[in-house]
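*Asks:* Have a look at this one.
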Amino acid sequence: MKSIVILISGRGSNMEAIVNAGIPGARIAAVISNRPDAKGLAFAAARGIPTAVVDHKAFPSREAFDAALAETIDTHGAELVVLAGFMRVLTDAFVRRYEGRLMNIHPSLLPSFPGLHTHQRAIEAGVRAHGATVHFVTPALDCGPVVIQAVVPVLPGDDEDSLSARVLRQEHRIYPQAVRWFVEDRLTVTAQGQVRVRDEAVDEAGWTIPSLDRVPGAGACDSRPS
Ligand SMILES: Nc1nc2c(c(=O)[nH]1)N[C@@H](CN(C=O)c1ccc(C(=O)N[C@@H](CCC(=O)O)C(=O)O)cc1)CN2
Ligand SMILES: NCC(=O)N[C@@H]1O[C@H](COP(=O)([O-])[O-])[C@@H](O)[C@H]1O
């Protein structure tokens, strides 16, 4: 059994997807938010999952916030820390504390569109393919080793809402899979920063995900050093 702590900032739909996936070998030890009004806290509490708020506005610095966040995480003995719509840039010290067992989901095909407002930027850039990326977190924002991606088309007439909804549906499919691979000790990262999945069921049509239907094959994502 691996203990997982999930960090949220808002609705926490990716946290819900991970909880609802009922991943064998995974125990959701806590859900922690940096915002007291995060809707995901109620979902977790209703399922008996311990929750906590570490409000970033209550701390004089990013470093102080991250230290308090780490202290709270460690009370739950996290073996994996999952960022699920968590909207704070983390300090190097925090990332180094959990590196290799700290994951994030980003709403673009990294390394395209790091940062915020990814869907509007994708539309304005005129790309035809967009999607989501699960990656290990590194101090450098949104460029850690990629675990899995999903690709969606950008359709004529798409706006930020329609495109974000299409991407979010894929997020809810790939994040539980990434967590499942971690829990099953099937992930390794090469010296070049590329993720290898032991016994991965993938072919030209994409991933065969046991608990999910097919995820469209994603283009290779340039692996960038962490
Ligand atoms: N050191 C790292 N920290 C974080 C990473 C990472 O890869 N390395 N991933 C992000 C998640 N993220 C995009 O996926 C992201 C989250 C937040 C921001 C950001 O600019 N946040 C602002 C505040 C925004 C707000 O409160 O609404 C900030 O922190 O000042 C950019 C990217 C998680 N952290
Ligand atoms: N940079 C981080 C980021 O933008 N995360 C994004 O926030 C949305 C809400 O997530 P949620 O429904 O799980 O809270 C999701 O699309 C997630 O990819």
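Cβ coordinates come from backbone N, Cα and C, glycine included.
Got these off TrEMBL a minute ago, pasting:
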ACT_SITE  HIS106  active site, proton donor
BINDING   GLY12, SER13, ASN14  N(1)-(5-phospho-beta-D-ribosyl)glycinamide binding site
BINDING   ARG62, ASN104  (6R)-10-formyltetrahydrofolate binding site
DOMAIN    3-179  domain 'Formyl transferase N-terminal'
SITE      ASP142  site 'Raises pKa of active site His'
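Tell me about the setting of these features in this model.
*Replies:* Listed in sequence order, PRO114, THR118, ALA132, THR133, VAL134, HIS135, ASP142 are the same-chain residues at least 6 apart in sequence whose CB falls under 8 Å from the CB of HIS106 (active site, proton donor).
Its Cβ placed at the centre, SER13 (N(1)-(5-phospho-beta-D-ribosyl)glycinamide binding site) has 19 other Cβ atoms within 10 Å.
Non-local contacts of ASN104 ((6R)-10-formyltetrahydrofolate binding site) by the CB criterion (under 8 A, 6+ apart in sequence, same chain) comprise LEU83, PHE86, VAL134, HIS135, PHE136, VAL137, ASP142, GLY144.
In the structure as shown, the Cβ atom of ASP142 (site 'Raises pKa of active site His') sits within 10 Å of 20 other Cβ atoms.
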*Asks:* Expressed to the nearest Å, what is the distance separating ASN14 (N(1)-(5-phospho-beta-D-ribosyl)glycinamide binding site) and ARG62 ((6R)-10-formyltetrahydrofolate binding site) at their Cα atoms?
*Replies:* 25
*Asks:* Can you give me the average pLDDT across the domain 'Formyl transferase N-terminal' (3-179), rounded to a whole number?
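*Replies:* Looking only at the domain 'Formyl transferase N-terminal' (3-179), pLDDT averages out to 97.
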*Asks:* Least buried of the binding-site residues GLY12, ASN14, ARG62, going by other Cβ atoms within 10 Å?
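*Replies:* Lowest Cβ count within 10 Å among the binding-site residues (GLY12, ASN14, ARG62) is ARG62.
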*Asks:* Scan GLY12, ASN14, ARG62, ASN104, HIS106, ASP142 for recorded positions whose C-beta lands under 6 Å from an atom of ligand 1 and note them, or write none.
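*Replies:* By the Cβ criterion, which requires under 6 Å to ligand 1, the hits are ASN104, HIS106, ASP142.
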*Asks:* Under 6 Å from ligand 2 by Cβ, which recorded positions from SER13, ARG62, ASN104, ASP142?
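*Replies:* Only SER13 qualify.
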*Asks:* Around the recorded N(1)-(5-phospho-beta-D-ribosyl)glycinamide site, report the further residues of that chain (criterion: Cβ within 8 Å of the mean position of the Cβ atoms of GLY12, SER13, ASN14; site residues excluded), sequence-ordered.
*Replies:* ILE8, GLY10, ARG11, MET15, GLU16, ALA17, GLY40, ALA84, GLY85, HIS172
